[in-house]
Amino acid sequence: MDLALQLLFTGIGIGAVYALVALGFVLIFRATNVVNFAQGEFSMVAAYLMVVAIEAGLPYWAAFIVALLGMALLGVIFNLGVYYPLRHRTYLPVIIATIGASILLANSVLAIYGPQPQVLEGWFETPGIQVGPVYLDSQYLLIIGVTICLVIFNFWFFEKTLLGKKLQATSQDKEMASLLGISVSTMIMITFIYSAVLGGLAGILVAPVLFVSIQMGSTIALKAFAATIIGGFGDVAGAIIGGLALGVIETFGAAYVSVPYKDGFAFLVLIAFLIFRPQGIFGERVAEKA
Amino acid sequence: MRLTRRDFAAGIAAGIAAPYLIKGAHAQGATIKIGMCAPVTGPAAESGGYAIKGAKLALEAVNKAGGILGKQGELIVEDDQTTNPGIVLAFSKLAAQSDIVGFLGSIRSTQVHAMAPDVIKLGKPVMIGGTDPNLTHMGNQWLFRCRPNDSYSGRVIAEYGVNTLAKKKWAVLHSTDAFGTAGGKALTEALTKLGAPPVLDQGYANQSQDFTPVVLAIKQSGADILGSYFTFENDLGIFARQLRQLGVNIPWVGSPSIVNITALKLAGPALYNTYGVADYAEDSSEGSKAFGKIYRDAVKVAPDNQSSWTFDAVNVLAQGINKAGTTEPGKVREAILAIKKFPGAEGEYNFDQNGDGLHGYNIVKNDKGKIVFDKHIEFND
């Protein structure tokens, strides 16, 4: 039982990271109908921005704000440089452009900062607390807390605010939204900014656990992408549930079946969903009439 | 001016032949070229930088001392991207340059396995740092190892843990790649011979983000000592932190990655009081001390095996070519195999007929972040 509790906590912690990145995938997909394969690199860039800001002498909280502002700027640049010029094309060129942007971001950081992995200290001085038989890593606690807050914020933002409803309207039907006087390009810009900040937040939160490295983004993004498919592509709740489920499944699979095949469990679940429920947990079945 | 068919044919012939003539002339040029596959990008990019620095420092020293066959040595580096396809591509690019006389491969066994078929096809000496014992026992006569192989590291870890630390209940943790699997097997065999078969033999996949299940398995096994073979420092850092956080404080004797600079930086206090088998330990010999000084002066960072093996590889290759008196691969091979009592940064080189230059390991301890030499264990069999 003690073992299961410890595994459950760790699984939820790592799953929350997948969920945060998956949320970025979903928001951009809903707004633009394309998958942003650079979402993982957003996490990596933010972690490096944080490291650079701290090295420059800023206190932790100020470095955090600088990193998130930097991500907002990256969201603007990404929208104008990668999505906007291709917005009238089919989804394929845009997806390829996001893959290209992901490679560009990774290599730009490599060229500017070098290949050295970096240590980013966590928010708390205490690494964790022991509650009965379970050790609660303070950084994982923070990640879980932030994920819960973001779920609540997203619900409030998209359901209760005018801006959130405009964003939803844009994601559902761009033409109709435009006819209703909503600036579609502004809404898409806001979505990119929000997704970049979310991805960045995930990167900053997970960096004290996984270290800051060029590869950190791609490693997380692959699992987050699987989480979005499991949860139902395009569904915010699905991204969260998918991420958490994936984290828990792979952690338990590793502990009770096989450690070397840990990643295998995640992708086995993904394949099972693609075969038996391709729309994911929360996705709606889409059919076309002949 | 009228262009005749003959002029045209001559022009085409000259155009086709020119690059080869220029290349041929260049081959006879002022330098002796050594190719190096190194991880400039990818997860091992940081240690790749150290490896390149080590090789360059050696070549500088060789050049100052008269060079190779009286010519200056030149290092040509290709990025292996820390991947198997990457090193195959990097090696093929270097192999296409006919004026390169010898090569430095990888410190990662899995990458050396990937490039090995091309090495046989090319038939030129390739110095390697990969420690999977099979690499020099699979009929590839062009691989020369400048680090002790894992049959020795396994035996040293086992001997130190069982006889010096007096621990019998072992957990063996290893990566599931070629290096980790071979290392884990060697350690398990050595422990079994010493009458202490492991209570846990646990593999893990590289680039894992979480080691909680592994740590809990170690905890549940009741092991009183841990032996490990980690390939990547990121993994080692994450594991070390989680191991200590989850309250496992048993003695830990690890393969050389446990004492390399990147791992020490990432894991910090989580690696304090651990032991490592180290092919490079600064205080283990005069050659090691000399390299340590040269490296510190030039790079301003503490040396480790990432740079020491490439330093030795260039020196051994240069010595082999100079002794052979030619760059003809077969003669260089024989000259390298004949090298005995050569004082390198990693220890004294005595090549055997398989291409293994070193036959023992150092035991070092992490004393609050400082790597302290304990003893050297050499094998004659």
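Glycine is no exception: its Cβ is also placed from the backbone N, Cα and C atoms.
All annotation found in TrEMBL is predicted automatically rather than curated by experts.
Database features (TrEMBL):
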- A:6-27: transmembrane segment (TRANSMEM)
- A:34-54: transmembrane segment (TRANSMEM)
- A:60-84: transmembrane segment (TRANSMEM)
- A:91-113: transmembrane segment (TRANSMEM)
- A:140-158: transmembrane segment (TRANSMEM)
- A:179-198: transmembrane segment (TRANSMEM)
- A:237-259: transmembrane segment (TRANSMEM)
- A:265-282: transmembrane segment (TRANSMEM)
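For the transmembrane segment (A:60-84), the list of distant contacts is 32, 34, 38, 42, 45-47, 49-50, 53-54, 94, 97-98, 100-101, 121, 123, 185, 188-189, 192-197, 199-201, 204: same-chain residues at least six beyond its ends, Cβ to Cβ under 8 Å. Under the criterion of 3 or more C-beta pairs below 8 Å, with sequence separation of 6 or more, the transmembrane segment (A:179-198) and the transmembrane segment (A:6-27) qualify as touching.
Same-chain neighbours of the transmembrane segment (A:140-158): 9-10, 12-14, 16-17, 19-20, 23, 122-124, 128, 164-165, 167-168, 198, 201, 205-206, 209, 236-237, 240, counting only residues six or more beyond its ends whose CB sits under 8 Å from a CB of the stretch. Counting Cβ pairs under 8 Å to the transmembrane segment (A:6-27), the stretch among A:34-54, A:91-113, A:237-259, A:265-282 with the most such contacts is A:237-259.
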